[in-house]
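J.: Handing you a structure now.
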Amino acid sequence: MLGRSMPQQSTFFISYVIVQTGLGLVLELLRVVPLALSALFALLAPKNTRRERNSPWLGLRDIAQTDPFDPTNPLADCFLVLLVTLTFAPIAPLVCYFTWFFFLVAEIVYRRQILCVYKPMCFGLGAYWPRVFKFCIIALVVAQLTLIGILSLKKATVEPIFIIVLIAIVLLFNYNVLTLYPPVAKFLPLTECVRLDTARGLRDPTAPKFFFLDNVYRQPAMNQRVPLRADYRMLVGDYSEETALISPKIYSPEDQQLFASVV
């Protein structure tokens, strides 16, 4: 079914990608919608105080007041174009030229918007990466199944076997990633847990205190012997009693033995 129907839809998706590139990205670059909302805000919104001038009013706001970048809509468009690229690459390679141009323009537009227009934020949007990875795996499998359908229509016998092997490799890679990384990323690192517990304890008086655990645990290797103390007399060429203040008052046997061997 995919092998018969998908090649006929390539012109439609080419038109869709052209519209997304020439209309959606251009509107984003020129900020047509925020400019229209800002014009309505300037005409209708009350501006008696600074707070009213800088605050949104019924969904309208000044053009200078921007929010952090919302990646949901751009990611949805990029996901669809990526799926179109992987699906039509073996069927209608002409589609890849238009999708490549879309990604090129999108990279230029959104890089400029994020750096120069939208409000900076500390969150790097890494939470969206698992969704991107999952979508890429699904798109690869769909593209390879479509290629199997095309080759079956052309009465090919050997090539589909290699593609089935590729599908198995993709699924094994997906299984390996899902078993390796999600368990590691399920919990915060220990240093972050300590930092959050400390900040919560300082900010909230009712929070449980864990300060009694400070210095309770030491690594077993550190308890095997007495720690060495530095003997600064080794730095003095002509050691005498007048220079004894350079050294600490307490010397361990290991320090004395080391100093005697050096002298």
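Positions of Cβ are set from backbone N, Cα and C atoms, glycine also.
So TrEMBL says this about it:
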- 1-150: domain 'CSC1/OSCA1-like 7TM region' (DOMAIN)
- 12-45: transmembrane segment (TRANSMEM)
- 79-110: transmembrane segment (TRANSMEM)
- 131-154: transmembrane segment (TRANSMEM)
- 160-181: transmembrane segment (TRANSMEM)
J.: Averaged across the domain 'CSC1/OSCA1-like 7TM region' (1-150), what pLDDT does the model get? Just tell me the whole number, please.
T.: 79
J.: Mind checking how the domain 'CSC1/OSCA1-like 7TM region' (1-150) divides into helix, strand and coil residues in DSSP?
T.: 112 helix, 4 strand, 34 coil
